[in-house]
Amino acid sequence: MSDSPTSSPPAPSADSAPPPDTSSDGSAAPPPTDSAPPPSPPADSSPPPALPSLPPAVFSPPPTVSSPPPPPLDSSPPPPPDLTPPPSSPPPPDAPPPIPIVFPPPIDSPPPESTNSPPPPEVFEPPPPPADEDESPPAPPPPEQLPPPASSPQGGPKKPKKHHPGPATSPPAPSAPATSPPAPPNAPPRNSSHALPPKSTAAGGPLTSPSRGVPSSGNSVPPPANSGGGYQGKTMAGFAIAGFAVIALMAVVFLVRRKKKRNIDAYSDSQYLPPSNFSIKSDGFLYGQNPTKGYSGPGGYNSQQQSNSGNSFGSQRGGGGYTRSGSAPDSAVMGSGQTHFTYEELTDITEGFSKHNILGEGGFGCVYKGKLNDGKLVAVKQLKVGSGQGDREFKAEVEIISRVHHRHLVSLVGYCIADSERLLIYEYVPNQTLEHHLHGKGRPVLEWARRVRIAIGSAKGLAYLHEDCHPKIIHRDIKSANILLDDEFEAQVADFGLAKLNDSTQTHVSTRVMGTFGYLAPEYAQSGKLTDRSDVFSFGVVLLELITGRKPVDQYQPLGEESLVEWARPLLHKAIETGDFSELVDRRLEKHYVENEVFRMIETAAACVRHSGPKRPRMVQVVRALDSEGDMGDISNGNKVGQSSAYDSGQYNNDTMKFRKMAFGFDDSSDSGMYSGDYSVQDSRKGSNGASSEFTRNETENRNFNNRRY
């Protein structure tokens, strides 16, 4: 053995030495390698002879990584064959114990051939010997590590035993040069551990890891742990990928179902969708919002004093067929729940459209009372086939009302399209209409406090349509018959079948007359030009009804007093100038009213019924005037009483007749309005008792009115 070391020094010059040496030892390597002192190394070297070619290539980088120890690197590879290169390398640090140290290096030599991880430790061990000399005491632990490696390789216990007799001096060696012993202890575990990992072929990995942390012998232990954890890591990665795939599949299924559900709930026909330029601004009177917030429209009003009229208009009540949930959408398509009904469903809801369920009848058709499966009461409006209102008004209601949600506007629940049938389903308002309570036969006198509340509520609903909807919505048929009341006499403006979207780029909308005579603004009767100020005029007529208790047109009044506006105009001027309104106020009230409120309503009505449209106030100003306790603001728009152009009743009548012919092509008018409760066309035709009679056809009133004027 000593001769082989002497001949080995020349070998370090080139890495070619290992192959020849392995060939020389090949006689003992296949089986006899166990007899040689470094039996375990040859055993390890025999399997990887094909690998040495790769390790050198991979092994070359480490030298570059650690420039100081490259020479030892070259010396370390040759040792595997002859075991002598180590003796030459250890002498520099410690000359006396070179021979005993020779045997430990052989143990280090096999690792480089198997996985090339041990060579780095040897490379870095030469530099630390001085520091390691002080660490001579810790030498004993290495021997303790030797038994575990022997136990770790199941087939290698015999090899260590044969190896120990040869290098019997190895125990003393660790005591003297601490540098060499640490390497041998590290090497055996590597040999034992590398016997398993070679299958994983992690040659590149161990090389880099020991090169970075070679000084500590503990670095050799992690590689085996990593080799064992590699399988676990792959298993965990597989589970993670599978779990991710399952979650992704579930998400796709959920999205597909959600999309299908949306498609089912969507409108079946795009023509019923609101225009793209239609938007709604929320205000303090919407569902679930704070009623004390100021009005959000231009020239907004403050509603903090709503309670002065006897009730808070910001309160939310859910009785009487109303759904005022705080979660109701601000500008959603008919809120939540079912929106599309089949004709069969509506037939069941209305009990086959039974006559005893009829709430009223107008020019468009009948209104039936119905009950949904959840017990909610609804009003089903059925359009007459071929009626003048027809599909245009139906589409308008579906497009507009479905987007409008305000506590003073009747909400649309759903709709039905079946062949030629067109039906709308509204929330049911149980307490009839303002017309019913003001002019109904045998009805008790409507209290003044309730009249004020109704005026303010309906004004807020109209102001919302004019100010907070863009483009603004013009009702076009404001009248007492279209103001519904709930059990607490909260006003709900209804009948949007006549509403039109008024584009902000247009100053008016020309269309056929559908409003009720007596509420028509002068400019509307003259030319058919429609603006939001036309609604203001009609609302002024409603205020006059509340003040006086009279109908807008009453053929049983004395000659020249049939028209409410014509009769009230001089009295309004007198009341504003003198403060005496005794001739205007409904005598049935018997002076049970608040004078300030009466005077404020008179001023507001006078401003609303001005002959000149531009000189009328906006609805937002009307609300502020009616709902203010002190200063009512400039409701006059800078105009004093009498400054507006004079109201010519004769010209108004001529304009009305002319426009009626232009709109309908004949001197007749159709039924108008939505009626409920005790009122029907048959009852109205009986009307012969002045204020106690109910009129629903304006044809008779206007024909008689015009005949008496001319």
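Each Cβ is built from the backbone N, Cα and C atoms, and glycine gets one as well.
Just one residue in ASN191, ASN502, ASN654 has N-linked glycosylation site written against it in Swiss-Prot, and it is ASN191. Sorting the recorded positions THR342, ASP477, THR516 by the number of other Cβ atoms within 10 Å puts THR516 first. Computed over the topological domain 'Extracellular' (1-235), the whole-number mean pLDDT of the model equals 42. A gap of 32 Å separates the Cα atoms of THR342 (phosphothreonine) and THR516 (phosphothreonine). Rounded to a whole number, the C-alpha distance linking THR516 (phosphothreonine) with ASP477 (active site, proton acceptor) is 7 angstrom. DSSP classifies ASP477 (active site, proton acceptor) as coil under the three-state reduction.
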